[in-house]
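Feature annotations, courtesy of TrEMBL:
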- ILE10, GLY11, ALA12, GLY13, ASN14, MET15, ALA70, VAL71, LYS72, PRO73: NADP(+) binding site (BINDING)
- ASN57: NADPH binding site (BINDING)
- 6-99: domain 'Pyrroline-5-carboxylate reductase catalytic N-terminal' (DOMAIN)
- 179-235: domain 'Pyrroline-5-carboxylate reductase dimerisation' (DOMAIN)
Amino acid sequence: MDSQLKIGFIGAGNMAFGIAKGLLPGKVPPANVKVSAPSSRNLERFQELGVAVTHSNVEVVSGSDVVFVAVKPHLVPLVLAETSQHITDRHVIVSVAAGVTLATLEGLLPENTTVIRLMPNLPCVVQEGALLFARGTHAKPEDGALLRSLLHRCGLVEEGPEAWVDIHTGLSGSGVAFGAGTLLRDSGKHPAQLRSEVCTPGGTTIHGLHALERGGVRASIMSAVEAATTRAQELGQKPAAGSRK
């Protein structure tokens, strides 16, 4: 990979941080990465990785080859309106905004811009993620290969049709199953805190959790465990086959 490749992040949330952590162990020098956010609240952890930070989205775009747009979906039009005049044919724009289609992104960007839509998940932070991407109209196979190469330390990376991306958003593949245990083990955080980190207010995850709560999933799981325990106890009390008791 070109050691001079410059990577930018617009947005400094958990997804941006997880991807950045996957990039930095030998893939991209920290000096080649820059992150922007409107406040300093999330920037300190990027600085601890040796990454430059700024409050200017334009500065990130102007100094980068690959730009990860990692802001909340409703902010994407504002961010792209602010930066689009600085986007050239050298750029690869990678959106991780849930629900924002390739057609919408391409409509907000200069004609012929290379756009990729990516859906990662929180276990990227511990390199146990499941990531799916779809290429836009002008993104070539080599652009997809570049993204795959950049992200392979983040976890399982696959390309598919855009229709799969929303499905992946809701399901997030088996990476969650493998990554959740690692997150609990390595982060030192309470499970409730980890849950809150993936539950953006009004986002996809919290809507899914509300559906689970309405369906009484926790009560059903507890009942299932209790029933299995009771049945195990009953089986333990039965006389073995052939017993004279």
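Cβ coordinates are placed from backbone N, Cα and C, and glycine is handled just like the others.
Fair warning: this is a prediction, and the values are worked out from it, not measured in the lab.
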Least buried by Cβ count (within 10 Å) of the binding-site residues ASN14, ASN57: ASN14
Binding-site residues compared (ILE10, ALA12) - the one with the fewest other Cβ atoms within 10 Å: ALA12
Residues ILE10, GLY11, ALA12, GLY13, ASN14, MET15, ALA70, VAL71, LYS72, PRO73 [recorded NADP(+) binders]: greatest CA to CA distance in Å: 15
CB contacts for LYS72 (NADP(+) binding site) [other CB atoms within 10 A, all chains]: 16
The residue listed as 'NADPH binding site' and ALA12 (NADP(+) binding site), distance between Cα atoms, whole Å: 11
From binding-site residues ILE10, ASN14, LYS72, the one whose Cα lies nearest ASN57 (NADPH binding site): ILE10
Spatial neighbours of ALA70 (NADP(+) binding site) that are distant in sequence (at least 6 apart) but have CB under 8 A: PHE9, ILE10, GLY11, ALA12, GLY13, MET15, ALA16, ILE19, VAL96, ALA97
Overall pLDDT of the domain 'Pyrroline-5-carboxylate reductase catalytic N-terminal' (6-99), taken as the mean: 93
